[in-house]
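Sequence annotations record features per position, and here Swiss-Prot assigns (2E,6E)-farnesyl diphosphate binding site to 276, 313, 317, 455, 458 based on similarity to another entry. Marked as motif 'DDXXD motif' by Swiss-Prot on the basis of similarity to another entry: 313-317. Annotation comment: Swiss-Prot describes 313, 317 as Mg(2+) 1 binding site, evidence class similarity to another entry. Per Swiss-Prot, Mg(2+) 3 binding site is recorded for 458, 462, 466.
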């Protein structure tokens, strides 16, 4: 809902150059004059000395001002993996506690909302907890709500809106900030369209795709070229981002070729003609979750596991009798080849291919670590099949479970548990031990929250995959039967649950359990970020937004 703006046109302030923006322009000018950075014909980077010039700019930046704005620009452009060491040093130089105490005792004037909200967001993103109470300074004490004078500060409102998406449970002030900033940004659109089309587009894009819940992999390309952003450092780093985009694009094409050949060689597409045959779509999950180019082998391996989630889902959803599904689930629970003898050949082929994939992943870890995750991986797949079987039995008996029961099972049948356990193993970080793997295997909240987001988004439109026919349950159906509400009531409840799940996921990523290495946390977030794109069907049951992104990336 848009609010009317009471201030006059003259007093309405869009983005305007600040001292920090002027500073960024000076740095860009000096950098361009001294650098010969360019793209070679083969798309590779020029010598290391040119890349080092970017690193040098980061190292010399004031960590409390320029440094944070540079980090924001680098993250938006999707090249933060290049500067992990420099970014970590800037972030670690910050003190969340000191930041809060200094701000709390500043009684003389409001600090710039843009800077405060940016710092809040970046520190939280990197695991430094900053209390949301810092935003109390921007509230009208007499009215108990945000100061309406802030509605003229478009730059600050954008930063506040971005920061609000790192909310955790109980932070009502960030819920208020999200509503306040969104309302006034929406209200600004008409005026912005009159005299600043670029900024109007930027505001609209931010409202639709806040940074914390978006994938820079899909949005970075929109920043290429002359882009009058509130962050002038985007112009500084975009040349490097273009080079990286071309390099990584070639890498992704090579990985898709490997995945496609593997999929063809195992023969499941021929054996299971009823199942989905979409290796490129399955690869997108891996590409989104594991963004660092160095993780090429892991992306290919992860796509293999994801392909089986889709195929086995189709076996349970569309093809087999209930008796066959029970036998298949028993086979996956025991991992005894004798258990598949009474199954159709197609299901036998699927079981063997799944077992080979799991053994391959386990053997790689065994060679490196001297112990095997085989038991944990097998147990995870057994849990998935058991959840699929529960849904198959519900359908066969025409039983509609209560909404809570459906969602608890749906968290497992979403496949997120399988994906994240495989990611945890494939990353092979120093934190990977049998003890930490057991912890991840037992569905910690970082997994259940991510899985809830996927399950609810999947059910939101009750849409089928564009090439899928068959039967599935739906949270909407369960909610309406149990509580007698309308479709709109059910969907409103689902959106509230998605919001709650995001708050739980934020908490896990901000407070950081030592068992979870940063790449695993990032993969969990990225999985949740991709979900809306994967389930945003049009009236033709297609995914136009996802297809558009795939074309631009590949």
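Cβ coordinates come from backbone N, Cα and C, glycine included.
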I'd like to know the mean pLDDT over the motif 'DDXXD motif' (313-317). 93
Could you tell me which of these binding-site residues, 276, 455, has the fewest other Cβ atoms within 10 Å of its Cβ? 276
Within 10 Å of the Cβ of residue 313 ((2E,6E)-farnesyl diphosphate binding site), how many other Cβ atoms are there? 22
DSSP three-state call for residue 276 ((2E,6E)-farnesyl diphosphate binding site): helix, strand or coil? coil
For residue 458 ((2E,6E)-farnesyl diphosphate binding site), what is the tally of other C-beta atoms lying within 10 angstroms of its C-beta? 20
If you measure every Cα to Cα distance among 276, 313, 317, 455, 458, the residues said to bind (2E,6E)-farnesyl diphosphate, what is the biggest one in Å? 19
For residue 313 ((2E,6E)-farnesyl diphosphate binding site): DSSP state (helix, strand, coil): helix
Counting across all protein chains shown, how many other Cβ atoms sit within 10 Å of the Cβ of residue 317 ((2E,6E)-farnesyl diphosphate binding site)? 21
